[in-house]
Structure formats: structure tokens, C-alpha cells
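*Asks:* After the C-alpha cells below, expect a handful of questions from me.
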Amino acid sequence: MNLENIKKIGIAGAGTMGSGIAQIFARKGYEVVVTDVKEEFLENSKKLVSIFNKSLIEEGLMGESEVESTIKNIKYNVDKKIFSDCDIIIEAIIEKIDIKQDFWKEVEKVAKPDAIFATNTSGLSITEISKKLENKGRFIGMHFWNPPHIIPLVELIKGDGTKDEIINILLKLLKKIDKEPVVVQKDIPGFIGNRIQFAVFREALNIVEKGIATFEDVDRAMKYGPGFRYPIIGPLETADLGGLDTFYYISSYLFNDLSDVKEPQEILKKLMNNKELGVKSKKGFYDYSYGKDEEAIKRRDKMFFKILKHIYNL
Ligand SMILES: NC(=O)c1ccc[n+]([C@@H]2O[C@H](COP(=O)([O-])OP(=O)(O)OC[C@H]3O[C@@H](n4cnc5c(N)ncnc54)[C@H](O)[C@@H]3O)[C@@H](O)[C@H]2O)c1
């Protein structure tokens, strides 16, 4: 298969991620079919796609005619048989290994022999998910970040059996739809983005727990310091620009002092036990009562769109 042969994309799971991924491909002119276990989830997905379109229109990043064609390009059906003529099938269903394995076993029965199979798992093993497939060479991890219609990164993760030609074609496809793909050569938990994100999260919690700084100051230090750099230069470019000798000396005394705890810290456990889960429960580190939850999401997306426009020229 080559890039020109890819015309139809199948998406399983009409939730947050599946709906966003459907919107991306449909907007770029691909035929998209979306499936889920119940009609009502498909109806909800239509609403989600409309919300994504609306936010892009408000930011001047999408035209009215594009909205029309995007909606027209997506078909919905609860029957997996709609995947029978898809060139790529992307799975964004519940994050449970046994359900994903059984899902793919069923899909293999109806899919074209050369269709590419991709899972959007957040961190389960790609090799394990593909365990019940006959043809493991066509199976790959394709990890979009939330919200998928805004965040450019897509991680492509090789399973033990993934063929290189699958990676090469998806690299081309993702660039064509204005995404930024990276290749994760080994099937490891957290891939690249979440390994780095959670190394930062662990140390951020450590700093708060030890009373070194307030949680507000940790967030401010990150946003106005390292985080200010990261949309422009990654951590390794930062080291090159700072001087690798300096980074070597700092690593020599600092690594030893950083948190290396092997399970979630007490501070996080306490919040979990109090059901203070962040925006979704209107209280986490910060307070999200009285509409502050919606404000936080709106502000985040508005700022993300600014980055898209000013840094990525989209
Ligand atoms: N939400 C995130 O931030 C995020 C980011 C990256 C990756 N992911 C991953 O993407 C996947 C989906 O996450 P989400 O947040 O969109 O979840 P979600 O709960 O919003 O949606 C999942 C959908 O899958 C459907 N589903 C469950 N079993 C199914 C089956 N057998 N066949 C068809 N549909 C089925 C559910 O009914 C639901 O509508 C998960 O693997 C998750 O780990 C999530």
C-alpha cells in the first residue's frame, strides 16, 4: 500500500479521542466511518465533532464550507462490518487490554487483508494488544494527544511484529494531515511524551510534598521557565544551547537528589481518596467551582490555538 491508496479511515470508539481523530481526517478530505457499541454514543460523537468545528471557526482556523465537507465525510454505524473497505482502522476504545485484543480479533475477520491497524492506546503494550491477530506486521501504536484536533504530536509505536513499511506510510500520512509524527522504536510504557511528562509530574509532586514550594509556584516556575522554552526547543536542544559540560556537572549532583519514588506519592493518594480529581470533580490542586471548570478549559484551548497560529502557522 502507498499513500495514494489511502482513502478511507475506520475509527472505533466514538468518545473524546475517536471523535477528534475522525474530525481531523474528515477535514482533510478522507472518507471516515466511525463505530461504537451504542447508537447514542455515535450521536454524542456528532455533537463533539460540531464542538471541535465551532472552536476552529471561532479562531478563524476553519471555514464554513470546510465544516460542511467535514461533516459530510463522516459516516456512523454500530456494525464493525463498515470497516470492510477501510484502508486504515484506528481503535480508540476503552483502555482495557482484553477488550482491545478481542476487538482486533473481530476486526481482522472483516477488514481488507492489507488494511493498516492502529491503536490509540495511552500506554498499553502494542505487542500485547496485537496478540490475537494473525497478521501482526500491519499492527502499530498511533498515539494522538488530547485534544487531538489541536495538539500536533502523534507517536507511532512499533510492536514486536510491526513492519517498517507501515511506519513509513503513516509518517507520510500524518505529515499530510499537518500532524507531527515521531517514531517510538521500542514498545515501552508511556512511549516518549508520557515518560517525560510523568518524570516532570513526579518531581513537581515531590517539590510540593517536601514543602519546597507551593503547587501554584511549581506551575508558575514551569510555565515561565522550562515550559516557556519547550514549544521552541526540546530538552536536548536546551542542553546543547546551555552547554553540555554545564548540563553534565548539574546532572552529577542533581540526579541523586531527584525523586525516584516507585508509586504515586501520598499527596496524590490523598486527593484521590477525597475524590478531588481536578476539573471533572470541580476540585483538584485548584478550585473549579462556579463555572471555573469551563473557564479553565476555554482558556486552555484559546491559548493552545494561539500557539498553533503563532508558532506552527496553522
Ligand atoms: N482521553 C485522553 O486524554 C486520551 C489521550 C490519548 C489516548 N487515549 C486513549 O484513547 C482511547 C480512547 O480514550 P477516550 O478518552 O476517547 O475514551 P472515551 O471513554 O471517551 O471513549 C471510548 C469509546 O469507546 C467505546 N467502546 C468501548 N468498547 C468498544 C468496542 N468494543 N467497540 C467499539 N467501541 C467501544 C465506548 O463506548 C466509548 O464511547 C483509550 O485507549 C485511551 O487510553 C486517551
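Using the three backbone atoms N, Cα and C, a Cβ is placed for every residue, glycine included.
Curation plays no part in TrEMBL annotations; they are all automatic predictions.
Copied straight from TrEMBL:
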- GLY13, ALA14, GLY15, THR16, MET17, GLY18, ASP36, GLU95, LYS100, SER122, ASN146, LYS280: NAD(+) binding site (BINDING)
- 8-187: domain '3-hydroxyacyl-CoA dehydrogenase NAD binding' (DOMAIN)
- 190-288: domain '3-hydroxyacyl-CoA dehydrogenase C-terminal' (DOMAIN)
- HIS143: site 'Important for catalytic activity' (SITE)
*Asks:* Going by DSSP, is MET17 (NAD(+) binding site) part of a helix, a strand, or coil?
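*Replies:* DSSP call for MET17 (NAD(+) binding site): helix.
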*Asks:* Helix, strand or coil at HIS143 (site 'Important for catalytic activity'), per DSSP?
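*Replies:* The residue in question, HIS143 (site 'Important for catalytic activity'), is strand (DSSP, three-state).
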*Asks:* In this structure, which of the binding-site residues GLY13, GLY15 has the fewest other Cβ atoms within 10 Å of its Cβ?
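*Replies:* Output over binding-site residues GLY13, GLY15: least Cβ neighbours within 10 Å is GLY15.
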*Asks:* Do you know offhand how many angstrom separate MET17 (NAD(+) binding site) and HIS143 (site 'Important for catalytic activity') by C-alpha?
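*Replies:* About 10 Å separates the two Cα atoms.
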*Asks:* Between GLY13 (NAD(+) binding site) and HIS143 (site 'Important for catalytic activity'), what is the CA-CA distance rounded to a whole number of Å?
*Replies:* 14
*Asks:* Quick one: Cα separation, LYS100 (NAD(+) binding site) versus HIS143 (site 'Important for catalytic activity'), in Å?
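*Replies:* That separation, Cα to Cα, works out to 15 Å.
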*Asks:* Which whole-number mean pLDDT does the model give the domain '3-hydroxyacyl-CoA dehydrogenase C-terminal' (190-288)?
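*Replies:* Result for the domain '3-hydroxyacyl-CoA dehydrogenase C-terminal' (190-288): average pLDDT 97.
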